[in-house]
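Record features (TrEMBL):
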- Phe53, Ile54, Thr55, Ile56, His57, Arg119, Thr244: substrate binding site (BINDING)
- His230: heme binding site (BINDING)
Amino acid sequence: MADEVVAGRWGGVEVNFGEEGGRLTYGSYLRLPQLLDQQRLESNPPAHDELLFITIHQVYELWFKQVLHELTASRDAMLNDELWLAQHLLRRVHTIERTLTQQVDILETMTPQDFGEFRHRLSPASGFQSVQFREIEFLSAAKDPSFVRRFRGLTEAETARLERRLDEPSLWDAFLAVLGHAGFETDTDDAISDALRKVAGDRAHYGAVWELAEALLQHDELAAAWRARHVVMVERMIGTKPGTGGSSGATYLRSRLDLRYYPLLWDLRSSL
Ligand code: HEM
Ligand SMILES: N[C@@H](CC(=O)c1ccccc1NC=O)C(=O)O
């Protein structure tokens with residue numbers, strides 16, 4: 001309110017606010033002229049559905065940025081043994097991840113024929129080149145350096161971002177620090193599994209650690225749900241055609257469905 005001029009009365013005839021010249025406005029704060037000028041079609045004449053395709057991807061990347069912000073802070077909270085904060089931030093990530101999967105519904109209102117009007121213009125670009133998507137995988141714990149080599153057309157800054165994600169502690173590394181802080185050995189997988197069974201078996205004592213493990217598992221499950229939803233959408237849109245990024249398409253994407261960030265948290269299930 002401090003920056004706004006409020007003239008007239010609430011509920012009265014005339015309410016006049018936010019109109020002082022040269023001050024912050026809705027559009028200038030949110031940089032809307034810049035933001036709304038970033039949807040440039042490749043098709044010419046313009047294919048009707050290409051705007052939807054670009055918008056969906058830009059919205060994904062904005063949410064990816066937010067997810068990275070939250071996951072980084074959650075990782076740091078774990079390293080500082082602030083378990084409540086780490087879990088709180090992961091819960092926010094879960095709600096964003098559910099939204100990301102639901103967004104597929106919007107894209108699926110596009111038919112394969114309408115996608116076909118501009119798909120040929122997209123090659124060799126593809127979602128495979130989403131740097132933020134790969135950063136989320138690396139930060140979560142799935143660090144596969146071969147993805148950095150296989151990326152084509154990365155800028156120097158993007159390569160540096162991915163290298164940094166490979167070098168820094170993942171969420172799993174931070175969770176192991178939490179287990180260490182709680183007094184457990186974490187130097188081998190057997191020791192970690194043993195610790196997890198003890199945490200699971202004494203929730204009265206290790207409640208916060210257990211809840212954090214559950215929040216990590218939820219993040220893992222929601223990432224798997226997105227992969228599953230994406231590949232079925234791909235089969236609906238392009239069947240068994242190879243991808244614009246040069247992969248086998250749905251076959252490649254199916255090979256990634258078994259990826260899990262935290263296999264030991266899944267293994268634990270068999271012994272509960
Ligand atoms: C018409 C809709 C879509 C189709 C047909 C499609 C198709 C594909 C295909 C075929 C691939 C394999 C790489 C290649 O192109 O060879 C791929 C990868 C990928 N796509 Fe999509 N995609 C669609 C929408 C999206 C959306 C909305 C996103 C959100 C950002 C997305 C993100 C990704 C990511 C991150 C990968 C890499 C996955 C990995 O390596 O595990 N895609 N997509
Ligand atoms: N790879 C998709 C094209 C595609 O979906 C795409 C193309 C450019 C930028 C992002 C994309 N989204 C996900 O892969 C295809 O083969 O049809």
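Yeah, the Cβs are placed from backbone N, Cα and C, and that goes for glycine too.
Any TrEMBL annotation is an automated prediction that lacks curation.
Since we're looking at a predicted model, the values are computed, not measured.
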Between Thr244 (substrate binding site) and His230 (heme binding site), how far is it from one CA atom to the other, in Å? 15
Across the record's substrate-binding residues Phe53, Ile54, Thr55, Ile56, His57, Arg119, Thr244, the largest CA-CA distance in angstrom? 19
Between Phe53 (substrate binding site) and His230 (heme binding site), what C-alpha distance do you get in Å? 14
Ile56 (substrate binding site) and the residue listed as 'heme binding site', compared by Cα position, are separated in whole Å by 13
Taking Phe53, Ile54, Arg119 as the binding-site residues, the residues having C-beta under 6 A from ligand 1 are none
Near Thr55 (substrate binding site), how many other Cβ atoms are within 10 Å of its Cβ? 14
Given Phe53, Ile54, Thr55, Arg119, His230, Thr244 as the binding-site residues, which ones have a Cβ positioned under 6 Å from some atom of ligand 2? Arg119, Thr244
Three states by DSSP: which one describes Ile54 (substrate binding site)? helix
Through the lens of DSSP with three states only, how would you label Arg119 (substrate binding site)? helix
Binding-site residues Ile54, Thr55, His57, Arg119 vs the residue listed as 'heme binding site', shortest C-alpha separation belongs to His57
Near Arg119 (substrate binding site), how many other Cβ atoms are within 10 Å of its Cβ? 18
